[in-house]
Amino acid sequence: KPFECPVCGESFTQNSSLVSHQRTHTGEKPFECPVCGKCFSQNSNLVSHQRTHTGEKPFECPDCGKRFSQNSNLVRHKRTHTGEKPFECPDCGKGFSQNSNLISHQKTHTGEKLFECPDCGKSFIRNSHLVTHQRTHTGEKPIECPI
């Protein structure tokens with residue numbers, strides 16, 4: 001790979017790839033959304049972002065017809081049909097369909113608890129668990145029994 005980044009040494013087969021990569025070091029974001037002014041380091045990220053304004057969803061699930069604005073969201077969705085869980089916990093072998101769920105799960109092994117209740121100091125692995133816990137202090141009951 002003849003094109004090497006002078007900052008980190010990563011190599012690329014094309015100069016254009018090196019130029020794109022170098023923006024991770026410089027923070028340059030030359031691609032601006034004409035609608036809202038948000039800037040991006042890669043043109044492809046601008047194109048994806050613009051779909052938030054247009055509502056375009058060009059990626060369709062062949063199984064159920066649900067549409068997505070980004071291919072990565074379609075790929076993740078398709079796992080609901082296949083049951084694929086490509087992200088495996090190295091500690092216990094449990095599989096997950098999303099990497100973010102694996103990262104949350106791994107905290108159960110480390111004991112890491114990042115979400116602390118400001119009222120009583122109790123800590124939780126997930127923010128959703130903290131929110132549920134906080135209802136014990138507020139008395140909030142978000143789902144009312146109809147009976």
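Yeah, the Cβs are placed from backbone N, Cα and C, and that goes for glycine too.
Given the structure is predicted, the values throughout are model-derived calculations rather than measurements.
What TrEMBL annotates here:
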type   : residues : note
DOMAIN : 3-30     : domain 'C2H2-type'
DOMAIN : 31-58    : domain 'C2H2-type'
DOMAIN : 59-86    : domain 'C2H2-type'
DOMAIN : 87-114   : domain 'C2H2-type'
DOMAIN : 115-142  : domain 'C2H2-type'
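Per-residue confidence over the domain 'C2H2-type' (59-86) averages 96 (mean pLDDT, predicted model).
Below 8 angstroms of C-beta separation, residues 39-42 of the same chain, each at least six residues beyond the ends of the domain 'C2H2-type' (3-30), sit close to that stretch. Helix, strand and coil residue tallies for the domain 'C2H2-type' (115-142), in that order: 12 helix, 4 strand, 12 coil [DSSP].
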